[in-house]
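Asks: Pulled these features from TrEMBL for this protein:
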- B:3-187: domain 'Electron transfer flavoprotein alpha/beta-subunit N-terminal' (DOMAIN)
- B:Arg210, B:Gly266, B:Ile267, B:Ser268, B:Gly269, B:Ala270, B:Ile271, B:Gln272, B:His273, B:Asn287: FAD binding site (BINDING)
Amino acid sequence: MKILVCVTSVPDTTTKIAFTDNNTKLNKAGVAFITGPYDDYALARAVELKEKLGASVTVLNVGEADAEPVIRKCLAIGADDAFRVNAEPTDSYFVAEQIAAIAKENNYDLILMGRESIDYNGGQVHGIVGEMLGIPSISPVMLLDIEGDVAKITREIEGGKEELEAKLPLVLGCQEPIAEWKIPNMRGIMTARTKPLRVVEPVGTDKLTAVGSYELPAPRGAVKMIKADEAETLIQLLRTEAKVI
Amino acid sequence: MSVLIFVELDEGKLKKSSQEAIFYGAKVAGMLGTSATAVVVGQADDTELASAGRFGATKVLHAADAKLNEPNGMAYATVVAAAAQQESSKVVVLAKSSLADAMTARLAGKLKAGLAANVIELPDLSNGFRVKSSIYTGKAFAYNDLKADVKILAIKKNTITPEETDATATVDAFSPALNDSDFSITVKKTEKATGDVLLPEADLVVSAGRGLKGPENWGIVEELAKALGAATACSKPVSDLDWRPHHEHVGQTGIKVSPNLYIAAGISGAIQHLAGVNSSKVIVVINKDPEAPFFKSADYGIVGDVFEVLPRLTKAVQAL
Ligand SMILES: Cc1cc2nc3c(=O)[nH]c(=O)nc-3n(C[C@H](O)[C@H](O)[C@H](O)COP(=O)(O)OP(=O)(O)OC[C@H]3O[C@@H](n4cnc5c(N)ncnc54)[C@H](O)[C@@H]3O)c2cc1C
């Protein structure tokens, strides 16, 4: 079985976001970049399936050279090889097109990725890839098992969950608790250095969207404190002042 | 060239977030000098469908093929793409949801559309087509220029407050050709909480964290939620510990909510938690630790023990 895991390189979840250049660029100064937390789940499950079923795991990132440490970490965790499509991942359609192009050439049985990236939170790439390849897409996937050529999946829905079955090939957007995040060990880190990382140029399309500028939310006003032994006052304030109940 | 709005049903009724989407779509249609058409998939009676008119749609396309009764993002995308083609729609509007997410992406692929997710304002058409969206899990906003011929806008809850009229929409049966391949995923079992307020749809949310000490104490959270008609939510450790189901976990790696009121009880306010809730209109924090970071992001705060404060709040709501 051949598994492709698509990963993003995103600011660490504790990052306070700031912009530069007249609010047109993310201020990367002091920002640690990590694998998207949801992508970490996808990778962890892929490595488990490899151990269980004997699959190969290829990692793919659409990103510039500064994303390579994130890719190497995925190799250290257990992926066998990697692609980096050398382009700034600005738009979900564009990213999906790059993934679909590589998938078409290499015939993966399973394409796993996070349910969404934590930068743009689009949550769209898996579905667009599925459409481009003409195969089913399912997200957000909480549990995944493979039996022969059938995937058994539990997906989260609003207010509950759903058990599904579908034949491979499939594209899945993953989230917890599909697997426990894996931390690279020393041996993994050493071998990651020698694993193949191919850099390929993007297939061309016009970008369908572009971000003109960014903005930060206005700070909230000062908090109004209410004494615990006058807690009832809160309900009055929510009704008369905030007018939300 | 009408603006097309995908409308989701919940037990045969137009979902509240979809009512917002219709109102939003009708506003965009007004800006573009055209009309708003809603496309509804699944079983609903004509009176309910015609009520899309109250929020500004003039026409409803109703796809009622029994094969579509189960929510299915792939098949729904086929239906909406066919509707967009029939109506020559260049703008498609829908409300963010679990089903909509699955559908939007397939639809974007089919229509080669420029897509903005988590849209939070009406578009600015003064110079192209620009929409504001929430990014970095609510920590920032982006102004997106949609350059493609077809544009899809997935709007966040509470982006717009619908004003209702007593207009009704005409309802046309719509039966586009469906693809067999759209039905290649088999649903074996569905488990869905019934009777509760759905978290992503909720205007009011009562959320609790590790400060509640254990699942056996959730009664006081549920009672306040019930009194308010609110949905319940929780922090990530709470769902990791299986005190609450995963679909209640809000934050960076959970559900993102933007209700009118978010009450956080016994939650510290870690940046990852805040990220998923900071676009709530009003935030109330109850924590026994006056230094809890959440107070910095709150509108109202109570330093106190949740086990004392929550029951008092419930009583006060019941007395209203
Ligand atoms: C990659 C990543 C992603 C994450 N994503 C999320 C996410 O999506 N959502 C999320 O919530 N977290 C997320 N987290 C975890 C986050 O960092 C915090 O650990 C978590 O939010 C803490 O949950 P908590 O506030 O319930 O628990 P705690 O941090 O343990 O805080 C409990 C609070 O309850 C208060 N308390 C205790 N007893 C009482 C009492 N009797 N009365 C009143 N107050 C009391 C305490 O003072 C304390 O402030 C993520 C972390 C990482 C690393």
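The backbone N, Cα and C atoms fix where each Cβ goes, glycine too.
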Asks: I need the most crowded of these binding-site residues: B:Ile267, B:Gly269, B:Ile271, B:His273. Count other C-beta atoms within 10 angstroms of each C-beta and give me the top one.
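Replies: Highest number of other Cβ atoms within 10 Å: B:Ile267.
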Asks: What binding-site residues in B:Gly269, B:Ile271, B:His273 place CB under 6 Å from ligand 1?
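Replies: Passing the 6 Å Cβ check against ligand 1: B:His273.
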Asks: Just report the maximum Cα pair distance in Å for the recorded FAD binders B:Arg210, B:Gly266, B:Ile267, B:Ser268, B:Gly269, B:Ala270, B:Ile271, B:Gln272, B:His273, B:Asn287, no decimals.
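Replies: This binding site's residues have a maximal Cα-Cα distance of 18 Å.
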Asks: In sequence order, which same-chain residues at least six apart have a C-beta under 8 angstroms from B:Arg210 (FAD binding site)?
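Replies: The list for B:Arg210 (FAD binding site) reads B:Ser235, B:Pro237, B:Val238, B:Gly266, B:Ile267, B:Ser268, given in order along the sequence.
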Asks: Checking interface proximity: list the binding-site residues among B:Arg210, B:Ile267, B:Gly269, B:Ile271, B:His273 whose CB sits under 8 Å from a chain A CB, in sequence order.
Replies: B:Ile271
